[in-house]
Amino acid sequence: MSWYHYLLPYDFSPLTLIAFVVVLTMYLQGLYALPAEERPGALRVFTFLLGLLLCYTVMHTRFDYYSQYMFFIHRGQHLVLHHLGPLLLVLSNPLPIMRFWARQIPGWLGPVLWPVKMAYRVLQQPLIAATLFVGLIYLWLTPELHFDAMLSRPLYWLMNWSMLLDGLLFWWLILDPRSPHTERVLGYGKRIILLVLIIPPQSALGAWILFSDSMVYDVYEVCGRAWPLAPETDQMLGGILTWIPPAMMSGIAILIVVGRMMRDDRNSAKTQQADEAGEVHA
Amino acid sequence: MTGIIRALSVMALMLALAGCGGSGVEWHAKNIRGLMPDLEFTLTAPDGEPFTAEDRAGQVRLLFFGFTNCPDICPATMARLQNAVKQMPQDMRDEVTLLFVSVDPERDTPERVGEYVDFFGDNIVGLTSDEETLRTLAKRYRTTFGYGKPDENGDYDVSHSNAVYVFDGQGRARLLIRSDQSISQISEDLETLVRQGRD
């Protein structure tokens, strides 16, 4: 197999290709159209592109082949789609680009988009969002459904896309770049509570997979593995990937939120001081 | 987003189909109705002629992958399936065909596959093709195969799926037989399928 075969999709999905091309084009176009002072800096652009590239790679290259025929690589794929990729995309703060495109929406589209907005509001209720985030991991790892998802092409794509979209929703809620002091977004304390809440159920699932005596996910036996790795080893690695990295991601996200909280406090303290100083002078 | 909508509608359709086809049959094998695409292939028969899914249309077909140098899984599977067919009522046995697809075209010529399956019975068709065609077929049924490193004699192992895909007379994917199913369980499932085809 030549090197470029590794870049080609194993299972070509036109809709996936279109979705990524559209997002990339809209991002670059928005970037180009924005005035220089609103335009995200090089590091932010890089973070966005890296997140996008990671998600595309695990979904639509040879990586996907290994994800379909090796349990632990499948867990790695979902780690990128549900955690790492969306986290990077959100951290890059694409808000200026999103605002640019929001301004392009013609007025008559407003009522059409209303149900989408409402659905978004419901899904972003903190408890719903956290339940959905953990629930989707559990759902697709239900042995029966996991078996079906690995056999059925439409279900497989639904699984991967639902993980990516839910990842974006959840990490946007947690790492929304807007400050709760000035805008109606989730408070920092609540963000941290959610990040802590999602750790135990994910760890429990990972530990359950890791310490299972029998094969929980036998579809990889039925369909054959990408290379002859002992099934126990495959399951063990998969369990570790379900357990440890998501907990670490929560930890990292908590540090980021705490950092922002402190910066916000300093900023508001400064403005307060400046206000007081202003009053004295006046 | 469009991908999701499409996938959701497919899932809704699948649920609807499952609702209609709820005949209440309890299968021993895994029910894969609606999960996998219909039987469709063009491979090479032992006489060197092309062989397609149409060639045995109307029959319940059992598709599985293997290779003739296979030390254990393939002969064991073949024997189990043959015994299961033998346990069926006499007049039903002719309505079942086994399709053995060798995924080792390097060593397995169509004739060789033919000789191999003849050893197990006369309701088995031995098929193979070039690697690319075989990969496409394997991918269609979401399985894979791979080759191990050759030893000093040039012998190598071939990893392949141990599942048997069952299609009904109309070529619809129906069941997935796993390796832990007993012969009488397989036989009962096949009997039910043949009976359903007659209704």
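Every residue, even glycine, has its Cβ placed from backbone N, Cα and C.
Spatially close to B:CYS70 (Cu cation binding site) yet at least six residues away along the chain are B:VAL158, judged by Cβ distances under 8 angstroms. Mapped onto three states, the DSSP output places B:CYS70 (Cu cation binding site) in coil. The Cu cation binding site annotation in TrEMBL covers B:CYS70, B:CYS74, B:HIS160.
The Cβ of B:CYS74 (Cu cation binding site) lies under 8 Å from the Cβ of B:GLY66, B:PHE67, B:THR68, B:PHE100, each of these being in the same chain and 6 or more residues away along the sequence. Residues annotated as disulfide bond in TrEMBL: B:CYS70-B:CYS74.
According to TrEMBL, the feature domain 'Thioredoxin' maps to B:32-195.
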Per the under 8 Å Cβ criterion, the binding-site residues B:CYS70, B:CYS74, B:HIS160 that neighbour chain A are B:HIS160
Same-chain, non-site residues whose Cβ lies within 8 A of the B:CYS70, B:CYS74, B:HIS160 Cβ center for Cu cation are B:PHE65, B:GLY66, B:PHE67, B:ILE73, B:THR77, B:VAL103, B:VAL158
If you count the other CB atoms within 10 A of the CB of B:HIS160 (Cu cation binding site), including all protein chains displayed, you should get 24
